[in-house]
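Here the structure is laid out as structure tokens; the discussion comes afterwards.
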Amino acid sequence: MKQSVKLVAGNWKMNGLGESLAEAETLAKALKEQAAACRVALCPPATLIARMAQTLKGGVVEIGGQDCHAKASGAYTGSVSAGMVRDAGAGLVILGHSERRAGFGETDADVAAKVEAALAAGLEPIICIGETLQEREAGQAVEVVSRQVAGSLPVSLAGKAFAVAYEPVWAIGTGLTPTLEQIEEVHAAVRAAMIARLGEGGRAAPILYGGSVKPSNAAEILAVAEVGGALVGGASLKAEDFLGIIRAV
Ligand SMILES: O=C(COP(=O)(O)O)[C@@H](O)CO
């Protein structure tokens with residue numbers, strides 16, 4: 001199995017004001033000094049991308065956006081294009097997060113269009129997929145993620161830098177995680193779906209795991225076959241926790 005270097009990305013979601021901004025900046029500065037055996041990225045809200053890019057300038061920590069519009073420009077009030085995310089200082093962008101699929105009605109086709117926009121702007125997409133609790137309990141997890149891979153990954157991704165993040169919706173922010181066997185089963189299915197969709201171009205991109213990753217479970221999760229890194233939410237807002245996860249790689 002060909003494995004690329006692991007990627008640990010922190011998704012700050014809509015946090016980063018007042019005390020949480022002070023904490024986040026402490027983390028960013030600590031990260032800048034930290035040697036890591038993996039790629040490390042922070043994905044702040046769009047308003048903080050430029051500020052964090054400045055804070056982390058000269059270090060190895062990468063910056064990502066949390067979303068972008070599928071169009072390059074135009075009358076889309078409140079939206080931010082992939083080019084704008086890139087221009088602000090990001091090199092990556094999270095797309096299709098379950099909070100956007102559920103809260104903003106994003107479909108696989110919408111996500112695929114955003115991936116195309118991200119590639120055109122020179123951004124490396126992190127494409128999120130994952131089943132709901134209802135789907136998991138109905139025994140449909142593998143079927144759901146395979147369908148999301150087929151629908152959310154445009155064929156133009158073959159040969160490009162990108163990552164897929166498997167994030168069971170029921171594990172996000174709940175403290176619950178799948179068993180290591182369940183993670184291995186789904187990651188194997190995601191890899192198979194990526195190869196079915198992109199041919200050889202689906203073999204190398206890392207498949208991250210996301211959902212209640214913390215220092216105490218990071219090492220065992222990151223050691224599972226086909227887990228190519230982690231997408232971290234809550235724990236990426238606290239220096240001690242995020243550094244603990246990075247050290248676990
Ligand atoms: O949503 C995610 C997981 O959040 P946790 O707070 O780590 O459960 C993932 O996208 C990282 O934001």
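In case you wondered, yes, glycine gets a Cβ from its N, Cα and C as well.
As annotated by TrEMBL, substrate binding site applies to Asn11, Trp12, Lys13, Gly173, Ser212, Gly233, Gly234. The coiled coil annotation in TrEMBL covers 14-41. According to TrEMBL, the active site, electrophile annotation covers His97. Sequence annotations record features per position, and here TrEMBL assigns active site, proton acceptor to Glu167.
Sequence-distant neighbours of the residue listed as 'active site, proton acceptor' (same chain, 6+ residues apart, CB-CB distance under 8 A): His97, Ser98, Cys128, Ile129, Gly130, Tyr209, Gly210, Gly211, Leu231. Considering other CB atoms within 10 Å as the measure, the emptiest surroundings among the binding-site residues Asn11, Ser212 are those of Ser212. All chains included, 19 other C-beta atoms sit within 10 angstroms of the C-beta of Lys13 (substrate binding site). Ranking the binding-site residues Gly173, Gly234 by how many other Cβ atoms lie within 10 angstroms of each Cβ puts Gly173 at the bottom. Secondary structure at Asn11 (substrate binding site), as computed by DSSP, is strand.
Less than 8 angstroms from the CB of Gly233 (substrate binding site) sit Gly10, Asn11, Lys13, Ile172, Gly173, Gly210, each of them six or more residues away in the same chain.
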